[in-house]
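What TrEMBL says about this one:
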SITE      A:GLU105  site 'Important for long-chain enoyl-CoA hydratase activity'
SITE      A:GLU127  site 'Important for long-chain enoyl-CoA hydratase activity'
DOMAIN    A:318-495  domain '3-hydroxyacyl-CoA dehydrogenase NAD binding'
SITE      A:HIS452  site 'Important for hydroxyacyl-coenzyme A dehydrogenase activity'
ACT_SITE  A:GLU464  active site, for hydroxyacyl-coenzyme A dehydrogenase activity
DOMAIN    A:498-593  domain '3-hydroxyacyl-CoA dehydrogenase C-terminal'
DOMAIN    A:630-709  domain '3-hydroxyacyl-CoA dehydrogenase C-terminal'
Amino acid sequence: FDVAVIRMNDPNSKVNTLSVRMQNEIIEVFNEVLANDAVQSAVLISSKPGCFIAGADINMIQACNTSEEVTKLSQEGQKMFERIEKSPKPIVAAINGSCLGGGLEFAIACQYRVATKSKKTVLGTPEVMLGLLPGAGGTQRLPKMVGIPGAFDMMLTGRNIKADKAKKMGLVHQLVDPLGPGLKSPEERTIEYLEEVAIQCARGIVHKKILLTKKKGMMQKVQDYVMGIAFVRQQIYKNVNGKVMKMSKGLYPAPLKIIESVKAGLEQGPDSGYLAEAQNFGKLAMTSESNALIGLYHGQVACKKNRFGVPERPVKNLAILGAGLMGAGIAQVTVDKGIHTVLKDTTVEGLSRGQQQVYKGLNDKIKKKAITSFERDSTLSSLTGQLDYSGFEKADMVIEAVFEDINIKHRVIKEVEAVIPPHCIFATNTSALPIKDIAAASMRPEKVIGMHYFSPVDKMQLLEIITTDKTSKDTTASAVAVGLKQGKVIIVVGDGPGFYTTRCLAPMLAEAVRVLQEGVNPKKLDALTTGFGFPVGAATLADEVGIDVAAHVAEDLGKAFGSRFGGGNVDVLKTMVERGFKGRKSGKGCYVYTPGLKSKDVNPDIDDLLEKFKLTPNPSVSSDSDVQYRLVSRFVNEAVMCLQEGILNGPVEGDIGAVFGLGFPPCLGGPFRFVDTFGADKLVAKMRRYEEVYGNHFTPCQLLLDHAKDSNKRFHK
Amino acid sequence: MRQSLWRGYCVTFRLFSNHRVYGCSLQPVGQNYWITALPTLLIWTTLFVLTDKMASMLMNSLRCCPPVNPAWAVQYATRSLSTSVQLHAQVQTKSKKTLAKPGVKNIVLVEGVRTPFLLSGTTYADLMPHDLARAALQGLLHKTSLPKDAVDYIIYGTVIQEVKTSNVAREASLGAGFSDKIPSHTVTMACISSNVAMTTGVGLITAGQCDTIVAGGVEFMSDVPIRHSRKMRKTMLALNRAKTLGQRLSLIGSIRMAHLTPELPAVAEFSTAETMGHSADRLAAAFGVTRLEQDEFALRSHTLAKQAQDAGLLSDVISFKVPGRDTVAKDNGIRPSSMEQLAKLKPAFIKPHGTVTAANSSFLTDGASAVLIMSEEKALAMGYKPKAYLRDFVFVSQDPKDQLLLGPAYGTPKVLARAGLTMDDIDVFEFHEAFAGQIMANLKALDSDWFAQTYMGRKVKVGAPAMEKFNLWGGSLSLGHPFGATGCRLVTTVAHRLLKEGGQYGLVAACAAGGQVTHYTNTSSYFNVMDRKVILPVCVSGPCDGDRSIPPVEQDSGRTEMMQEKTVYAYTQSGVTPTLSDCTY
């Protein structure tokens, strides 16, 4: 009876979050622990499998209207954890599952931490990804616990740390292995076992068998000594600051505030440290960047759900046509999800290239220790490479990723429909061809759907699913279910040329070409776009997508939408393709790519090529800022038009699609949130100015005009 | 039926294991640890039936004969002349089935021997694996007076292979003086390698290929193959092919210090990268097996082994004059200690809170074993008095990560079902003790309805074996565990215990690395009548479970079964070789 076990379990949710109510209850229980003389130590554990505490309750922060309120919240958290830290009775945090944000801050306030080695056990401070900072003592305790560099790494990247790594870093003291089947279910017994071990630890601490002050090793002593030198610390701050500025272009305030808070604590003592943390937390919570990032977080959660319900039959056998970059990429994200995958190509060379891509993708995971070589082998056993249609009679879904040519697609759909069973879904991976045109060749258009993956498939989180008016609801549900299994964030959009994402990108690329024609060199163009917050510059993006693809899309969409999609001359792209500048895949595009080299130089041949198509810039709309807004406003206007035309289901999916698929600046939260924050009227005013020079390329759509007229109209409440 | 038997074997060949143990037992010096890395977890259960009391025979004959054939009754009665009435009564309470199957030859264990099992690095240290195997084979020859050309086939099991003698069966049999005309091969399946050797032999006899088989196993952990690193090997092989001095020099020049690091045999399960001791510790925790329970079981094993050794019960051990050293006649790993001493040891794998220690794990061992297996017909014809029937066996396998050592729990119910027996019918249990925690976990799994329902698809548990029937002469924890050789030790021990204790059925189970489990159920029922030379299958008829094609009529007695079998032949004639049952009794 000497060890009190505190079990946390939020009955209303799948995960535990630090809400006001939970905080109050914890304080109550903690007071009891302190007051009860029979209790000498305590164990803090969650009864939920897979979750310790997933973080602080975001709604609690969003409910605040002023930064002072948020600062107060932070200070309350700080106070509570300070009491835990100074508790005369040792408290052992027993961690199984996610221990993030406020959860981690809680855990590191405890005297001792035991964690399971389960794959679900992750520790981290993801606040920075929401534009916030660890506001309950995290910026003060972490540097002491894992060292200054380690703490910055955790807080500035927000990445998840697995149990093994956490032990090495000194974030947890002891690890417990997850258990297999026994006399209870593995999850249940693992939690019980964790609790038993944690209780042993608690007793050990009380009986001085476990010492809380660890003997420092030589390395540790040296490191501490070095960190004790003020000059070294200053260098670190400077260095980190420089890196952050380089990465964020100063568009994200949170990382800078984190550095500031850590610095305050280390240089001016804990009192000012905690104060700086609370005040900065309050300030950050009120920034538009934080608002945008939190919006994206909610949107992402929403886009990880299947709003079309459970499909009638789950996809167990998936066939992919075309083993190119896309096809093999789709295979790679499918085959390790327990779906038997067939990869079909027409040539042995194409097929083996694709198989090698899948193999390499899995092999790289071994190098990162995410999987073992055995897991790679057994995963690959569910991949079949073939050149014919054998086995397609068992396929539940076929995804074609063949060349973007309507005639080829028609031929393929006919060939496939001759061999697949009646329930099988035919998904087409295209970035621009309207699905209904492809479905025109189908005998059963209700089973035809578009699944637009983004390259590289294993890295890009977005999947754009396109339904025609004939696509059945079950087909959509099934496609979404497969996409979710593949780990994708999914938006479901209506059919039309370019759907949503390609359609937004096309006018921006057209504008980018015009900018190039006006004499801005690719490096400068990249700097302008990344300076606005795009993770990849427009010229680099074109190279990544492929100049040939861009030309193709520009031409197709130009035809479909008419002069509105004009801007740069399509012939620029076409000439580039003719001369073999197809982008990264051909080694040359806007830039020259040398294998093995990370840095890239501007393609020298592109200058004379652009010279041929040279346009004279109009100085009134050619300042750096104007170039940026010309690019962005066309993007945003097209996005709003997609909502207006019903291609988009709502602004949330529009924001998610733009950010996760096209790299729209996350700090702006997506085109719709950008309109809300920036002001539709201001945007329209800018566009009108460009319209005068360039004509209908910049004509704002009706919905945007409506929002400009009425400032109460907002896309996000 | 024959097919189903073969299906069992097929499983076995999938397994492979590198087994390593840093060995140590209870020496206070305490550097003995088990570190096993077995890719496959195998369990092997053998069900033996041995009734060597005449009583049971009498009972059976009395029970079955009269209604069927008076002549049989007379015959039995005469043979069981000396049986007393009490014995009769006692036997009656047991299920008196024979586990003979129509159309399948009766296969008998004639004799089993083993070298003393020694801690690695002790007296055997300078030998090679085939030396040990040879000693076991010679011991078998000596004990059985078997003519050296009377064997049809020799099969050995081993885990860590000495590369010079990769077919150790052949090298050992030639060295032991067997005729060079006898084919021999080596099998491997982690800790149940010699079980595979035996079941392979059983298969050969059943298939009509052979009548006389020597099966055995050997493991030699005092020396293991340590290789150059892959890069170094590559350079050395390229050096072989290099034609000019320049090529050679450039290859030699490419060698770096790091390439010189040797490669030890894998310590971890290949598929999961987890060591076996680690897995055992997790298994014990999953079943809530405490450190105390494990230490108690380890102490029990050593205590019982010591008693058995002192009482001379371990009669399968032959003495072996080690060249250049003394003659060895006893296992040297048996060290009964005290609970206090056991409690002092620190966990060997999961630190600091684990429960598996060097003392409650089996230790690295050198040793070899051998058994003589024959068709009953042949054994009798050669004048042998077999010790037991080998009746049935099962190999099972499961998840190599979380259920690595849980094979016995899965295999035992299966093999019992195949034989139509229950836990209570079994008189002698011999389970391989890899770790005390593993044994306790398996016993708990067998005794759990929840586990049976959730993981085995059974309605109810089969129950745990009674401890007063369980590993009464020690086990791998105390006697030692030369991976490849343990299976034969278990089978021989069951036969000897059945004879000694007067039981009818025995069951052997062993787990092996890799998440596979082979369950060998040998049910053998033996009966010595009058002159103690004649052996009769006692009785009969299991309930037909699915894969048996026998009509359910034969539910009653041995006598009927005989008749029945003949009938069955009439129905299923298709080229079945006549078996002993067709011959006279």
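Using N, Cα and C of the backbone, Cβ positions are placed for all residues, glycine too.
Spacing of A:GLU127 (site 'Important for long-chain enoyl-CoA hydratase activity') relative to A:GLU464 (active site, for hydroxyacyl-coenzyme A dehydrogenase activity) is 28 Å (Cα to Cα, whole number).
The C-beta environment of A:GLU105 (site 'Important for long-chain enoyl-CoA hydratase activity'), restricted to residues of the same chain at least 6 apart in sequence and closer than 8 Å, consists of A:GLY77, A:PHE81, A:THR125, A:PRO134, A:ALA136, A:GLY137, A:GLY138, A:ARG141.
On its own chain, the residue listed as 'active site, for hydroxyacyl-coenzyme A dehydrogenase activity' has A:GLY450, A:MET451, A:HIS452, A:PHE454, A:ILE490, A:ILE491, A:VAL493, A:PHE499, A:TYR500, A:THR501, A:GLY657, A:GLY661 as residues at least 6 apart in sequence with a Cβ closer than 8 Å to its own Cβ. Taking all protein chains in view, 26 other C-beta atoms sit within 10 angstroms of the C-beta of A:HIS452 (site 'Important for hydroxyacyl-coenzyme A dehydrogenase activity'). Broken down with DSSP, the domain '3-hydroxyacyl-CoA dehydrogenase C-terminal' (A:498-593) shows 67 helix, 4 strand, 25 coil. A sphere of 10 angstroms centred on the C-beta of A:GLU127 (site 'Important for long-chain enoyl-CoA hydratase activity') encloses 29 other C-beta atoms. Remark: secondary structure over the domain '3-hydroxyacyl-CoA dehydrogenase C-terminal' (A:630-709) totals 65 helix, 0 strand, 15 coil, with classes taken from DSSP.
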